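Engineer: So TrEMBL has the following annotated:
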- 19-39: transmembrane segment (TRANSMEM)
- 26-478: domain 'Major facilitator superfamily (MFS) profile' (DOMAIN)
- 87-104: transmembrane segment (TRANSMEM)
- 111-130: transmembrane segment (TRANSMEM)
- 136-158: transmembrane segment (TRANSMEM)
- 170-193: transmembrane segment (TRANSMEM)
- 199-222: transmembrane segment (TRANSMEM)
- 284-308: transmembrane segment (TRANSMEM)
- 320-342: transmembrane segment (TRANSMEM)
- 349-373: transmembrane segment (TRANSMEM)
- 385-406: transmembrane segment (TRANSMEM)
- 427-447: transmembrane segment (TRANSMEM)
- 453-474: transmembrane segment (TRANSMEM)
Amino acid sequence: MPAVGIAVGDNKKEYPGNLTPFVTVTCIVAAMGGLIFGYDIGISGGVTSMPSFLKKFFPSVYRKQQADETSNQYCQYDSPTLTMFTSSLYLAALLASLVASIVTRKFGRKLSMLFGGVLFCAGAIINGVAKAVWMLILGRILLGFGIGFANQSVPLYLSEMAPYRFRGALNIGFQLSITIGILVANVLNYFFAKIHGGWGWRLSLGGAMVPALIITVGSLVLPDTPNSMIERGQHDEAREKLRKVRGVDDVDEEFNDLVAASEASMKVEQPWRNLLQRKYRPHITMAVMIPFFQQLTGINVIMFYAPVLFNTIGFGSNASLMSAVITGVVNVVATMVSIYGVDKWGRRFLFLEGGFQMLICQAVVAACIGAKFGVNGNPGELPKWYAIVVVLFICIYVAGFAWSWGPLGWLVPSEIFPLEIRSAAQSINVSVNMLFTFIVAQIFLTMLCHLKFGLFLFFAFFVVLMSIFVYYFLPETKGIPIEEMGQVWKTHWFWSRYVTDEDYPKAGGYEMTKGGQGPKNV
């Protein structure tokens with residue numbers, strides 16, 4: 001049966017469908033998988049600035065923290081063991097994402113989410129009751145396994161479940177959950193740090209069980225995506241599920257496209273080796289470069305170590321935790337701006353605007369810290385206006401990231417991959433993200449000690465590079481059905497030399513080769 005589509009503009013197809021309450025609730029529940037990632041990012045920096053936590057597990061850092069404040073403030077947290085506590089999670093997440101791609105492809109997105117929730121819960125329990133550093137690191141590794149599975153499956157689930165016209169907004173729900181997780185963690189750290197007896201850090205670390213249980217229970221009640229069901233041969237169930245998800249009975253065209261894409265996918269025996277084909281060159285470039293640049297914006301320096309950073313630049317312990325709460329609020333609000341605008345303004349506009357905003361703020365923060373701390377790290381008396389200026393520009397920087405590279409770093413890779421390479425390519429995306437998160441987390445405190453205020457200029461350099469990359473090499477992907485994404489590469493000035501009409505026929509995607517007939521203009 002030939003596919004009959006609705007052509008819009010340059011062979012751009014529209015599938016019938018609505019934003020139903022069912023799919024909205026489903027995507028909200030699935031997006032909560034981001035809570036575990038966000039909670040961990042927020043909690044790490046908070047507990048590592050709590051004196052009682054440092055005294056128990058990292059006494060050398062505690063002694064430097066309590067030393068005379070006229071000493072070099074840049075280096076007070078420089079400890080390989082402390083950074084290993086933070087960064088070990090991301091190395092584990094990298095390894096887990098490779099396994100998760102197989103689970104996601106063979107058994108569906110739901111099971112991968114379930115594994116993520118269970119492993120994260122186990123890690124939270126071990127960290128909450130930790131008696132020694134090795135227990136902390138073991139718990140962090142299990143947390144990392146959980147994040148690897150969740151970050152592999154949740155963005156894919158959202159991109160496949162959402163109607164293409166609302167895919168950007170619904171997918172960014174994942175990033176919104178990450179920011180909410182960070183904010184909740186910062187607020188809890190602020191209050192738990194006040195507990196007498198100095199055991200509040202146990203509540204902070206153990207509290208990760210709550211978001212873990214949310215994603216675990218959510219994965220049990222969520223429906224599977226039609227794409228995943230077709231991939232596993234459940235065609236009748238997938239058609240009914242697609243009708244329910246789209247809220248219309250006329251889903252034949254989209255269903256046929258999904259089936260044709262799945263059949264092409266099944267012919268691929270080695271999806272990892274298949275990634276090396278010439279026609280997938282743009283997809284793999286984006287799967288590597290977008291997460292690479294996302295981590296080198298410097299955002300995780302702010303989010304992991306916000307309390308540590310504020311403490312380092314002269315804030316007291318409570319003030320530094322409160323400053324982290326403020327940046328957390330900004331992060332959540334700015335992500336909502338992205339949800340509103342991503343399907344209106346487009347991905348490229350947000351990428352470029354956010355990059356410019358971050359660049360200006362990094363230059364200002366570097367100048368402020370350099371002016372007061374110099375190269376010897378001795379600030380003397382810090383006036384109140386100075387603290388306000390630093391927090392203000394860090395907040396503007398966080399806002400720029402939160403409506404651009406934060407959510408789009410997960411959205412764009414998850415929506416551009418064809419079904420036959422989707423799980424493997426998403427695994428590469430997550431792996432690169434976790435690899436550079438690990439590297440940045442591992443070396444940040446040492447870099448702060450040696451580069452001093454120049455660290456912000458180091459990240460600003462990469463913000464310039466990533467903005468140039470987006471301007472020249474990333475096509476706009478808003479409003480394009482996920483199985484019709486091939487057209488954006490064919491019409492791009494650079495990628496068209498790798499992707500041809502033979503790879504993605506002029507009338508559309510796989511369904512055109514199957515039906516032998518292009519879409520009728522309506």
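Each Cβ is built from the backbone N, Cα and C atoms, and glycine gets one as well.
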Engineer: With pairs 6 or more apart in sequence, are the transmembrane segment (170-193) and the transmembrane segment (87-104) linked by at least 3 Cβ pairs under 8 Å?
Structural biologist: no
Engineer: What else in the chain is close to the transmembrane segment (349-373), if you only count residues 6 or more beyond its ends and a Cβ gap under 8 Å?
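Structural biologist: Answer is 73-74, 297-298, 313-314, 338, 341-342, 379-380, 382, 386, 389-390, 393-394, 396-397, 399-401, 403-405, 408, 452-457, 459-460, 463-464, 466-467, 470-471, 474.
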Engineer: The transmembrane segment (136-158): which same-chain residues, six or more beyond its ends, come within Cβ distance under 8 Å?
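Structural biologist: Hits for the transmembrane segment (136-158): 27, 30-31, 33-34, 36-37, 40, 57, 84-86, 88-97, 99-101, 103-104, 109-110, 112-113, 115-127, 130, 167, 170-171, 173-174, 205, 208, 212, 215, 222, 225, 410-411, 413-414, 422-423, 426-427, 430, 433-434.
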Engineer: Between the stretches 87-104, 320-342, 385-406, which wins on the count of C-beta pairs under 8 angstroms to the transmembrane segment (427-447)?
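Structural biologist: That would be 87-104.
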